[in-house]
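The structure appears below as structure tokens.
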Amino acid sequence: MCGIIGYIGKRQAAPILLQGLRRLEYRGYDSSGMAISDHSTLAMTKCVGKIENLAEKMKTSHLPGSVGIAHTRWATHGGVTELNAHPHTGNKGKLVLVHNGIIENYRELKDQLGPEHHFTSETDSEVLAHLIEREFDLQEQKNCEGLRKAVGCGLSHVKGTYGIVVMHEDVPDCLITARMGSPIVVGVGKDENYIASDATPILAYTRDVLFLDDGEIAEVKENNVRLFTLKDEIVSKKVEEIHWNDEQAEKQGFPHFMLKEIHDQPTVFEDAIRGRFNMAEGTAVLGGLNMTEQQMRDINRVIFIACGTASYAGMVGKYAFERLAGIPAEVDVASEFRYRDPIIDEKTLVFVMSQSGETADTLAALREAKRKGAFVRGIVNVIGSTISRETDGGTYIHAGAELAVASTKAYTNMVTVALLYALQFGRARRVSIATGQRMLNAFLEIPEKMNWILSQKDSIKEIAEKYKDYKNFLFLGRGINYPVALEGSLKLKEISYIHAEAYPGGEMKHGPLALISEDFPTFAIMPQNQLYEKMRSNIEEIRARKGKVILIATQGDERAKELAEDVIYVPAMKELLEPLLNTIPLQLFSYYVAVALKRDVDRPRNLAKSVTVE
Ligand code: M6R
């Protein structure tokens, strides 16, 4: 959470940093700030609210200089005020710092620094600026090396997580960055370099990046980047190339990133399956699995670990693994998994699913699963992210940059990859070539069918406008469409702030049916699959209690109209692949409800895209 961008080069830093903050706004949007050096003095500006407030402020307080750091905040310690916004300054005002993460022992550190240190904010971060500035004063070398050593010494006292960038008025020719638990990427340019909390804001300038690992520190000058450990040993690392393009981080004419990302789905779905089919063998080939056929046959348990939307994608994976591969499978929410004592051994395969690849709970669960000896594989979107690097293999979902806080295309591509894994295991264990081929052929029909659903968006918009003022919603699904119901309800909650719950259809009569009245509409997913009649009965029960129903039904199902106020038709699809289609109307419904309610669709209140704190 929170976004960091730093620049050092020959150009004016302020416009680059401002543009970088706009790209990072999905990581935090309660306040922002930047500090710039013109090689003699430091100047700083901060602001509460959106990045555009900062941009407005900077029209009158222009900050000249070609070195700078900036930050967009998602508050953890201390309220949303200008004083709590980053950058933070040391006691003498000579050192400035931006920080992502949480300093757990900040109170002790403040006490140790003594009464001569005056803190102006309520944040945990400010203590780092004081600590490092004091360490720099103790250094003999008043240059970049001295600043790097001061950062190392300062951080040696810290308990917690950080991704920081530090700038000192007396050392204007370099920026120092360090990482422990909060990602840092260095973008390598020509006669200029960048530092950021993820690659999104630097893609417009360079695709060459260095990913810092925990415990590393980088000295970043205009034409040179040097890496060290916190103990000051040199680290050598290869520059990696990022294949995402900058266009993916643009709205491309859509009013919101979320709508653009919903429309990206047919294209990015093709990216997720490209090169991953072996049609002759009727199987998927996910090279990153790194397991022998024998190991695949020996696995006796599969666990999908994830948070939020990613966990619902994992739930689709669970159904598919049990159906195709005949392996007991379960889904665990990462924050629960890490604090119980999960039964795991070397015959357990754990899939860790994450769009950002940085979710703190998911990362902790990954480490726990590895410690217990499981096979741990990633299903991740962000290339080079911590989860992608800490797993022993896995697959990128190739959804491209997803910037709306509400996940859409990353969900679809996680589902896709989970289904491909289920097929690969199924073929290694019990599925016939012909069955495998039928499934692969069904995958090939998906993009066209997704496009057909997207072409129905105007009628989905009308339905959304009709229902926007209801205060509660129920989402119902059965089997592989139960995770779809969960995802639909989460989408509605997070961007429209309407209360929504999701249940398996069969659970209604065990309690939730008591909620149903004219004022409590139900969104039900009722495709023509093996559970069709069961789902129909559940909906009849709701109708009998005067509940209004919106149905997702299979094209041509005329009976659906008798059951519902409104029907959204979707093309028929092989059952296991239904979530890839049935989720899209729910995404569009939530989107249009949120727009009708004038919500901040891409940046819903209280949420951040990448949840790097517990
Ligand atoms: O980056 P991750 O996939 O690990 O994020 C997990 C959740 O925080 C995320 O899916 C969240 O639930 C989304 N905002 C849902 O739209």
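Every residue gets a Cβ built from N, Cα and C, even glycine.
Please treat TrEMBL annotations as automatic predictions, because they have not gone through curation.
Copied over from TrEMBL, here are the features:
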DOMAIN    2-223  domain 'Glutamine amidotransferase type-2'
ACT_SITE  C2  active site, nucleophile
DOMAIN    292-433  domain 'SIS'
DOMAIN    463-604  domain 'SIS'
ACT_SITE  K609  active site, for Fru-6P isomerization activity
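For the pair formed by C2 (active site, nucleophile) and K609 (active site, for Fru-6P isomerization activity), distance between Cα atoms is given as 9 Å, rounded to the nearest Å. When other Cβ atoms within 10 Å of the Cβ of C2 (active site, nucleophile) are tallied across all protein chains shown, the result is 29. Model confidence over the domain 'SIS' (463-604) stands at 96, taken as the mean pLDDT rounded to a whole number. Its Cβ taken as reference, K609 (active site, for Fru-6P isomerization activity) is surrounded by 25 other Cβ atoms within 10 Å in the chains shown.
Residues in the domain 'SIS' (292-433) partition by DSSP class (helix H, G, I; strand E, B; coil) as 67 helix, 27 strand, 48 coil.
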